[in-house]
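Per TrEMBL, the feature [4Fe-4S] cluster binding site maps to CYS66, CYS70, CYS73. What TrEMBL records for CYS110, CYS143, CYS203, ARG273 is [2Fe-2S] cluster binding site. Taken from TrEMBL, the feature domain 'Radical SAM core' applies to 51-278.
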Amino acid sequence: MFNYFSDLAAKQLDGGTLTREEALAILRSTDDQLLDVVSAAARLRRAHFANTVKVNYLVNLKSGLCPEDCTYCSQRLGSAAQILKYTWLKPEEAAEQAATGIRAGASRVCLVASGKGPTDRDVDRVASMVEGLKDEHPQVEVCACLGILKDGQADRLKSAGVDAYNHNLNTSESNYADICTTHEYADRVRTVEHAKGAGLSPCSGLIVGMGESDDELVDAVFALRDLDADSIPVNFLMPFEGTPLEGTWLLTPAHCLRILALVRFASPDTELRMAGGREMHLRSLQPLALQVANSLFLGDYLTSEGQAAKADLEMIADSGFVVLGADGAAAAAGAEYDGGAAASASEPAAAVVDDNDPASVPVTIRRRGAGTRLAPNA
Ligand code: SF4
């Protein structure tokens, strides 16, 4: 029987390139098509990542007090969010935080610092942390996320042993001025290109739920495809109280699944991470999202709390997946299967916009881990 999304998966497995019309069909699929969308995206996920889930662990090296004005960010200029604020962690503190995530199964540690971009001294500081980390845990990948890079900084990080560099495009070029006025979309693209040019694995993703239109979201997803990022984190807006996007609840769990599926269809063999905000926006559909995404952050985020790391590891095991790098992680691609019948994709489903949604809960601020004396959630 005709199944639009199953056929689309087959086309992508044959090396097809997702068109705008197909992308919009995914985003506008109806609720009764949702499982067909997920099962088709799951075929792509299985073909490229088998039964593995990559576990990443965030260490916030420097929190808050940023001079930039990104509207979605709790660390922005003028933010009244009651987040932890601290300057650079000492190397031994950073090492201790990273080790906790590694013990819990993380194969990548992401070292993040607030700010527009690092000074050369900041880069040296992070480089020496990374050298220590690599001596202690040579098998672990290190990703740095320090903002906009200046000439030579990506090379310095690479020579210190950094494997990857994260700098998110976040949204489309046409939407960028609405979410930030202190730097430009082109600055972000340039930094990803710099990182790539220095031999760092480019990681660049999105924040969804900021009021972007379907077309703007498709633009952003296609821009990430054009950048050829090796990994794409998809963050779901956490509308911190005290930021301009406070009270912005534009996502439903089903729509979050459609967005993840869109990224999977556009970039089938790219690591796709369900990132910040997954708990509050995907809610009970998180295990279904794991059939599309092959990567997540364990434990807490930069300035907010995630669900218990133990619950994440249980979700991975309960869903039949294994943590990448752990015993039993399959290298082979999973068998393809037919996703079954689907109705046509011609009826767009409106994204639910309900800021009175009882599930719209305040973001819980992180009060443990980096920058505190309390053990992190990992
Ligand atoms: S996203 Fe980065 S640059 Fe923007 S306000 Fe937050 S910490 Fe600063």
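Please read every residue number as a count from 1 along the shown chain.
Glycine is no exception: its Cβ is also placed from the backbone N, Cα and C atoms.
Recorded features from TrEMBL, shown on the structure.
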| residue | record | contacts (Cβ under 8 Å, 6+ apart) |
| --- | --- | --- |
| CYS66 | [4Fe-4S] cluster binding site | CYS73, GLN75, ARG76, LEU77, SER114, GLY115, LYS116 |
| CYS70 | [4Fe-4S] cluster binding site | ARG76, ASN170, ILE179, CYS180, THR182 |
| CYS110 | [2Fe-2S] cluster binding site | ASN56, TYR57, LEU58, VAL59, VAL142, CYS143, ALA144, CYS145, ASN166, PHE297 |
| CYS203 | [2Fe-2S] cluster binding site | CYS143, CYS145, ALA164, TYR165, ASN166, HIS167, ALA229, ASP230, SER231, ILE232, PRO233 |
| ARG273 | [2Fe-2S] cluster binding site | LYS54, ASN56, GLY205, SER231, ILE232, PRO233, VAL234, ALA293, SER295, LEU296, PHE297 |
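Excluding CYS110, CYS143, CYS203, ARG273, which define the [2Fe-2S] cluster site, the same chain contributes ASN56, ARG108, CYS145, ALA164, ASN166, SER231, PRO233 within 8 Å (Cβ to the Cβ centroid), listed in sequence order. Note: the [4Fe-4S] cluster site is recorded as CYS66, CYS70, CYS73; in the same chain, GLU68, ASP69, TYR72, SER74, GLN75, ARG76, LEU77, SER79, SER114, CYS180 also have Cβ atoms within 8 Å of that site's Cβ centroid. For CYS143 ([2Fe-2S] cluster binding site), other Cβ atoms within 10 Å of its Cβ number 21.
Contact annotation for binding-site residues (CYS66, CYS70, CYS110, CYS203) versus ligand 1: CYS66, CYS70, each with CB under 6 Å from a ligand atom. Packing around CYS73 ([4Fe-4S] cluster binding site) is summarised by its Cβ count: 26 other Cβ atoms lie within 10 angstroms of its Cβ, all protein chains included.
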